[in-house]
2 protein chains.
Amino acid sequence: MKPDFDKGNGLLPVIVQEWETGEVLMLAYTDEQAWEKSLDTGEAHFYSRSRKSIWHKGGTSGHVQRIREIRIDCDYDTILFMVEQVGGAACHKGYKSCFYTRVEKDGRFLEHAEKVFDPKEVYNK
Amino acid sequence: MKPDFDKGNGLLPVIVQEWETGEVLMLAYTDEQAWEKSLDTGEAHFYSRSRKSIWHKGGTSGHVQRIREIRIDCDYDTILFMVEQVGGAACHKGYKSCFYTRVEKDGRFLEHAEKVFDPKEVYNK
């Protein structure tokens, strides 16, 4: 059995959740090659839609995601990685989770998290 | 501010997480109209890619999702609904979560959850 890569034109969404706390960290996409790499290495690999290439999460920052459990949904077209987030931050903007913005009832966006690291220091070395 | 509906050809993924436990229940898609309906009513509305129409989650089964908090990611192209799941089951196959299948290290798929309801009884009334 395999994820249904035909469905998303070869790309399926992957929800990344912190294993210990259940906090949702990010969403990314995987193709078949990145999926195989994630299974083989036990570290999250994705497909970058902007760079059009396989992407080893944390390859630059060191903030890799060690996969503790993988789930797939009832239609086999969405994947859930439950991970241990090395470095404590999944978001390239320096936050633990990419979902640091809350949407208020009136539709306003409100940022409400503290940065874990300074992206300039991590990526411009 | 608004979600970036230009990015996903008008459709953005919505992760649905149980407010109380942090369990990821499902992933669905929203367009701008479903987004507005979710904000206005406080109940999850999605866009069904197969039926090509707005879909009030739980409209048939009664298993609506009361939105307790909405988050959006750093790129404004993925949404997170934290919900109270009425009826205790989000999956149309009768499971609490759509992610009832675990992927083993060798790639095998293993179902490992108990059904909360019998879909035949709920949908064929």
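Each residue's number is its place along the chain shown, starting with 1.
Using the three backbone atoms N, Cα and C, a Cβ is placed for every residue, glycine included.
These numbers come from a predicted model, not from an experiment.
Taken from TrEMBL, the feature Mg(2+) binding site covers A:Asp73, A:Asp75, A:Asp77. Of all the Cβ atoms in the protein chains shown, 16 others lie within 10 Å of the Cβ of A:Asp75 (Mg(2+) binding site).
Under the heading Zn(2+) binding site, TrEMBL lists A:Cys74, A:Cys91, A:Cys98. DSSP assigns A:Cys91 (Zn(2+) binding site) to coil, not to a helix or a strand. Around A:Cys91 (Zn(2+) binding site), the C-beta neighbours below 8 angstroms that are at least 6 residues distant in the chain are A:Leu25, A:Met26, A:Ser97, A:Cys98, A:Tyr100.
According to TrEMBL, the domain 'Phosphoribosyl-AMP cyclohydrolase' annotation covers A:26-100. According to DSSP, the domain 'Phosphoribosyl-AMP cyclohydrolase' (A:26-100) comprises 13 helix, 29 strand, 33 coil.
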Least surrounded among the binding-site residues, given as A:Asp73, A:Asp77, when other CB atoms within 10 Å are counted:
A:Asp77
Which residue among the binding-site residues A:Cys74, A:Cys98 has the fewest other Cβ atoms within 10 Å of its Cβ, if you could check?
A:Cys74
